Amino acid sequence: MLTGHESFDLFLKPILIPIIGFGAYFYKKFPSQNILLAALTLSWFGDVVLLFTDLGEIYFILGLVFFLTAHIVYCILFNKQKRIRKKQNKPLFIFGSVLIAFYLIGMVYFLMPYLGKLEIPVSIYASVISIMLLFAFNGFLVWEKPGNQFVFLGAIFFIISDSILALNKFYTPIPKSSFFIMLTYLLAQYLIVVGILKLNSKKVEQTV
């Protein structure tokens, strides 16, 4: 029998990303709009597939593939955004990169004994989402405010959401995990979309 949170997820998951996506679609055109929509579409595919993980591990792996691809598309999207600073703060970038790498290695190392046959897929996914966070952090250093802050914070919430999901699935059940996973995931997608729209708002105004 489904719990209240699980029933809520089953109803809410398939409609959250389309709502955010429609907002991005009906926003005035900007150069990287289609890339943003592609990332959201892949995320939605991942959301839907992960609803069926109870039917078999293949659905979890397929969902992982969709989200992995979505994060790669997000990296492409972040790389397309306009810089206002030609030079980044290299010491700060190196420091942030070390922190991200430390978290990636620590999380994978901690979970490794519990992953079983999923060691390689989960390790690859964790590496890709960490690279996505690194792209967002680089953008935080060179993009215009406040869009840079929204995107970077969104990427952090993505890491938090996936970390809760991984710990809950592979290590130990976390109370109300589905609620916290959904909350942080929704915040992640929303903040990234709002950040990208803010980064492109001036371009839109210039074309009107």
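Backbone N, Cα and C define each Cβ position, glycine as well.
Because TrEMBL annotations are produced automatically, they should be read as predictions rather than curated entries.
Here TrEMBL flags 12-28 (among others) as transmembrane segment. Among residues of the same chain six or more beyond the transmembrane segment (12-28), those with a C-beta under 8 A of the stretch's C-beta atoms are 36-37, 40-41, 43-44, 47-48, 50-51, 182, 186, 189-190, 193, 196-197, 204, 207-208.
What TrEMBL records for 35-52 (among others) is transmembrane segment.
Here TrEMBL flags 58-79 (among others) as transmembrane segment. Packing against the transmembrane segment (58-79) from elsewhere in the chain are residues 32, 35-36, 38-40, 42-43, 45-47, 49-50, 52, 118, 121-122, 124-125, 128-129, 131-132, 135-136, 138-139, 151, 155, 158, 169, 192, 196: each is 6 or more residues past its ends and has a CB under 8 Å from a CB in it.
Taken from TrEMBL, the feature transmembrane segment covers 91-112 (among others).
According to TrEMBL, the feature transmembrane segment maps to 124-143 (among others).
As annotated by TrEMBL, transmembrane segment applies to 150-171 (among others).
The transmembrane segment annotation in TrEMBL covers 177-197 (among others).
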- Message: Short question: most Cβ pairs under 8 Å with the transmembrane segment (124-143), which of 35-52, 91-112, 150-171, 177-197?
- Response: 150-171
- Query: For the transmembrane segment (177-197) and the transmembrane segment (91-112), does the number of C-beta pairs under 8 Å, pairs 6 or more apart in sequence, reach 3 or more?
  - Reply: no
